[in-house]
Amino acid sequence: MATRHARSAARLMMAPAVILLLGWMLVPLTMTLWFSFRKYLPMRGGDLGFVGFENYVRFVKSSAFWPSIQVTLTLVVGVLVITVVLGILLALLLDQPMWGQGVVRILVIAPFFVMPTVSALVWKNIMLDPINGFFGHLWRAFGAQPVDWLSQASMGSIITIVSWEWLPFSTLILLTALQSLDREQLEAAEMDGAGPIARFFYIMVPHLARAITVVILIQTIFLLSIFAEIFVTTGGAFGTKTLTYLIYQRVLESQNVGLGSAGGVYAIILANIVAIFLMRIVGRNLDR
Amino acid sequence: MARATTPRRKAFNTALAWAVGLVIFFPILWIVVLSFKTEGDAIRPPLEVLFDAAWTVESYGVVQERSNYVKHFSNSVIIALGSTVLGLLVAVPAAWSMAFVPSRRTKDILMWMLSTKMLPAVGVLYPIYLIFIKLGLLDTRTGLVIVLMLINLPIIVWMLYTYFREIPGEILEAARMDGAGLREEILYVLTPMAVPGIASTLLLNVILAWNEAFWTLNLTAANAGPLTAFIASYSSPEGLFYAKLSAASTMAIAPILILGWFSQRQLVRGLTFGAVK
């Protein structure tokens, strides 16, 4: 019963949100694109004119570029593998009958609500510090030499911190998906003689497939722009400079805006490739 | 037919799940413990910390004196609440019209809004920085309220949309037949049904804004910094600081941890854009 009157009212109600987001997207994006084609050094002469694709070429050719891509991929893939595998196991465990389920659930999801700067600082100092940190004490208690995790196993440490932050998210989503599984289907399979392993791979995994995909895609988008964890722990040292961090350093630390903007365009392209897949899944859901 | 579980199996599940839960929760538990110790005690071996060292609240006082917790806390509250409420004011009408007066383009608009969320912040860092300097918004709460409102707007619209869509359209027709005008319809029929969805959206987005740590770190200094920035000021150690760091961390996460526990369900729906419920 949508009349023409209702339609124009609807358009009017949507306008503020659409206009704001359009501005938020187009204005900075246009500026980034513009800067990326210029030699722009705010502290050393300002805007020094058009340079074509020079920034794009220089960004890729710089010795920091490929390592940063490698670090980014290691971080994203490492965290994804850990959070998805442990997330499935944890979701299966939390789905079992037990005493105090609600409390355990709260314990498990708590890290998600810890702000990134806090989790990074707490892990850096209170957990991983070789002298006074918890693991340092633990290592000494067993007579072992404490390890300076953040410099000697820097990537592993950061992957651990970030996984700790994101495991609750994957667990919660997989648990939600698991709980929507039809119990009778499982029982039927059991009566037909399917063992626990067969039930897991032939019933649960296919049922969870969509949730797993969603977890992977959403986490990838957030993980590609991990910032605070690196800013606070290593500051990009010890081979932990991600693409995001490299761009941040180019733009704000060395104030080479043209070069940083070209890097920003690369980051946007990378994120969009992931986004296309996510949007497809979410979009399919809308037609339901 | 509920599946029978033997008590032994249940006891095993319980023990295992609690063990895993405590391991995951341990860092949080540990900073709470350390925050109630003196600096000298906080760096002793864990067992001594637990059983040997006296409990004290002095670190909490020191943190307030050293880095003015109250000011940063109020910045966090203003920024998180301000950006979310502002976002809701813009998003409620939009989500409303998309849910109840859908057109052919509704889906495209929703997908496009989602795509703006995918824009990596670092890609537009300098433009925003420049605009902030030009408009005098750098290190102001107003500036952060605006930016966080914009980055969370797609999630707010999406969450509201999925909630509003669950309100059955038939109920509106019934109200119309009973002679309700548009005003009565919105006031007496739709609003009561929409309030829970709006509340959940508010809750989740306050949490997201509270923990946001890219823009809050890069666009603030001493003045408008919320708790994320307050904590980052502890990243350069100065002598013994474990107890202070723990007290500061506890104070930064406690409010949102409590809110977070109420929002488990909304978290799933909000962060998966309705793809998993």
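Using the three backbone atoms N, Cα and C, a Cβ is placed for every residue, glycine included.
Source: prediction; values computed, not measured.
Here is what TrEMBL says about this protein:
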- B:73-263: domain 'ABC transmembrane type-1' (DOMAIN)
- B:12-36: transmembrane segment (TRANSMEM)
- B:77-97: transmembrane segment (TRANSMEM)
- B:109-132: transmembrane segment (TRANSMEM)
- B:144-164: transmembrane segment (TRANSMEM)
- B:185-210: transmembrane segment (TRANSMEM)
- B:241-262: transmembrane segment (TRANSMEM)
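Recorded stretches compared: B:12-36, B:185-210, B:241-262; the one with the most Cβ pairs under 8 Å to the transmembrane segment (B:77-97) is B:185-210. Same-chain neighbours of the transmembrane segment (B:241-262): 28, 30-35, 37-39, 41-43, 59-60, 62-63, 66-67, 69, 73, 203, 206-207, 210-211, 227-228, 230-231, 234, counting only residues six or more beyond its ends whose CB sits under 8 Å from a CB of the stretch.
Beyond its flanks by at least six residues, the transmembrane segment (B:185-210) meets 76, 79-81, 83-85, 87-88, 91-92, 96, 148, 152, 155-156, 159-160, 163-164, 166-167, 171-172, 175-176, 226-227, 255-256, 259-260, 262-263, 265-267, 269-271 of its own chain at Cβ-Cβ distances under 8 Å.
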